[in-house]
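Q: Dropping the structure in here first, questions after.
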Amino acid sequence: KSSKRDWKPLEDHSCTDVPWLLLFILFCVGMVTLFCGCFFLPLLTFHGYSVYIHLFLQINKLIRFNSGLDLTHKKYVFFLDPCNIDLVHQRIKSLALCVSACPRKELKTLADIQKFAETNGSTLCSYELQPSEYTTDPRAAKLCPNYPVPESAPIPFFHRCAPVNISCYAKFAEALITFVSDSSVLHRLISGVMTSKEIILGLCLLSLVLSMILMVIIRYISRVLVWILTILVILGSLGGTGVLWWLYAKQRVSASAVDTQIAKDNLQALLVYAISATVFMVILFLIVLIMRRRVALTIALFHVAGKVFIHLPLLVFQPFWTFFVLALFWTYWITVLLFLGTTGSPVPNEEGFVEFRMVGPLKYMWWYHIVGLIWISEFILACQQMTVAGAVVTYYFTREKRNLPFTPILASVNRLVCYHLGTVAKGSFIITLVKIPRMILMYIHTQLKGKENACARCMLKACICCLWCLEKCLTYLNQNAYTATAINSTNFCTSAKDAFLILVENALRVAAINTVGDFMLFLGKVLIVCSTGLAGIMLLNYQRDYTIWVLPLIIVCLFAFLVAHCFLSIYEMVVDVLFLCFAIDTKYNDGSPGREFYMDKVLMEFVENSRKAMKEAGRGGVAEGRELKPM
């Protein structure tokens, strides 16, 4: 009798893990409720407040001296010393006042500040000074801004006067880059970035194009690349071992002439290194010998993955929509975080001024907000994995490729939304449960840096490392569980168990794909980064105005690596899905009538070559004599 365990791909679809979908929806409702609760509190993020606790755009109540004024016509925050950064608390250490307009040109003297106040009605000094007293009252030196007052412009939506001069932004960056000792270097770096922004943008587009081209041609160079890599590793191990033994022999001859303790220690160390390298070389040779057929499978899977991208071109655009959705969510999350950080009740601080502080249950809600950041971000990434898995599964288990849906990607998205959102929510929650303790331990390690003893530091690092390894293993298992769900439409736990059993049965093949394949993709990332960096050096060489090229090149190379990682991660995802489908296909089908293979012709050749090799070795069975006919 047919059952789910028979792996009947794409035959029926049913909703999976519905309770987890309901739990995720309730959690998202809580996130929206938190946003609404912060939104209806005083909008300090958008409207701002002065150190005397004036809320802009409304009439204020009296809390302390200089508060309670009607400042409905003064809607901007003006800092008396906007470039004075508190590096410890990472904030602007300056008095903040309510003004009606930002100074749009530099004010060099108190007379200019007075003229600006009389002309625009915007008083830039503290409220107890009248504009007529700016040049006569001795208190103006403390109650007025430091001059020259830099030109500033209001930030859209946030009503803050921000300096236009780039040197002030460099000082803002120093609040985050505390290890920079020479601020002039940082100023030149940021100046180089601003003046080379067109070149940076062009190089970023170049890295995008190179990544897309590499995804197309990697199917043709995979065989050559794998064997070149294998030969280079073997030659490198042979050469390293030979050099160590040569150095040992040379040192032994010289040590016989100079009988000192240092010479003996060096000779002993070289002997240990040479023996270790020899053992490593032998082990490496054995691994290559055992896994050579698995390397052939990796090459075949990469070749088929290239065909998948030809039949499913929309797979290339998966990183775009995923990044777009993540960017929208992160923008929403940061907005709510700003609301959380600037809401609360007015409380006098240590300096005698008044600031808003969260009191009651609201001050604990940022924990809920952080969990939401991790869970929903992982949920979005898991949706991408499920979408890719569903599309590749449809491609693999469709015998006639002419019968593929018009857009398999959209069909996969439709199945995800209709049936499997609960599975994605459960898988992403498991990753969240591992990420949160690791982040807490990393925070504790950062806070205790230099204070804890060596034993505690070692234990913290060991725990962080173990949680990181667990997270990577669970991420890989989740991805295969999503593939099993796309094939059989089973819930998360059942799919994870079935996928785990398949992976265990093919452990050596998994090891080959995750070593050789991942290293191939890593070489592709290095190629894109190096090509983009070289193009950047050649372009910047024709621009003589740049004093320092380091930061523009670092930005370009980091972006190139990020783009290459996003695109080649999709390629890696496709290879992993193809491998699980291939393992299921070879386990439950043998090529006989009624149990024909689904696999591509390239994979069929790999299976047939493997059976011929087994037959020649005398280990063939009855099924080995069958002719394999691809459908």
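From the backbone N, Cα and C atoms, a Cβ is placed for every residue, glycine too.
Take a look at what TrEMBL says about it:
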type	residues	note
TRANSMEM	20-44	transmembrane segment
TRANSMEM	199-218	transmembrane segment
TRANSMEM	224-249	transmembrane segment
TRANSMEM	270-290	transmembrane segment
TRANSMEM	296-316	transmembrane segment
TRANSMEM	323-344	transmembrane segment
TRANSMEM	364-397	transmembrane segment
TRANSMEM	519-540	transmembrane segment
TRANSMEM	546-568	transmembrane segment
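Show me how these features fit into the shown structure, please.
A: Only residues 6 or more beyond the boundaries of the transmembrane segment (270-290), in the same chain, are considered here, and those with a CB under 8 A from a CB of the stretch are 230, 233-234, 237-238, 240-241, 244-245, 247-248, 251, 508.
Below 8 angstroms of C-beta separation, residues 9-10, 24, 27-28, 30-31, 34, 308, 311-312, 315, 318, 322, 325-326, 329-330, 333, 336-337, 340, 404-405, 408-409, 411-413, 415-416, 420, 423-425, 427-429, 431-432, 435-436, 439, 478-479, 482-483, 485-487, 570, 573-574, 577-578, 581-582, 585, 598-599 of the same chain, each at least six residues beyond the ends of the transmembrane segment (364-397), sit close to that stretch.
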Q: Which listed range (199-218, 224-249, 519-540) shows the maximal number of Cβ pairs under 8 Å with respect to the transmembrane segment (296-316)?
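A: The stretch with the most contacts is 199-218.
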Q: In the same chain, which residue numbers or ranges, 6 or more beyond the ends of the transmembrane segment (224-249), come under 8 angstroms Cβ to Cβ?
A: 218, 267, 270-271, 273-274, 277-278, 280-281, 284-285, 288, 295, 298-299, 516, 519-520, 523
Q: Give residue numbers and ranges for long-range contacts of the transmembrane segment (199-218): same chain, 6 or more residues beyond its ends, CB-CB under 8 A.
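A: Here the qualifying positions are 193, 225, 302, 306, 309, 316, 520, 524, 527-529, 531-532, 535-536, 539-540, 543, 552, 555-556, 559-560, 563-564, 566-568, 570-571.
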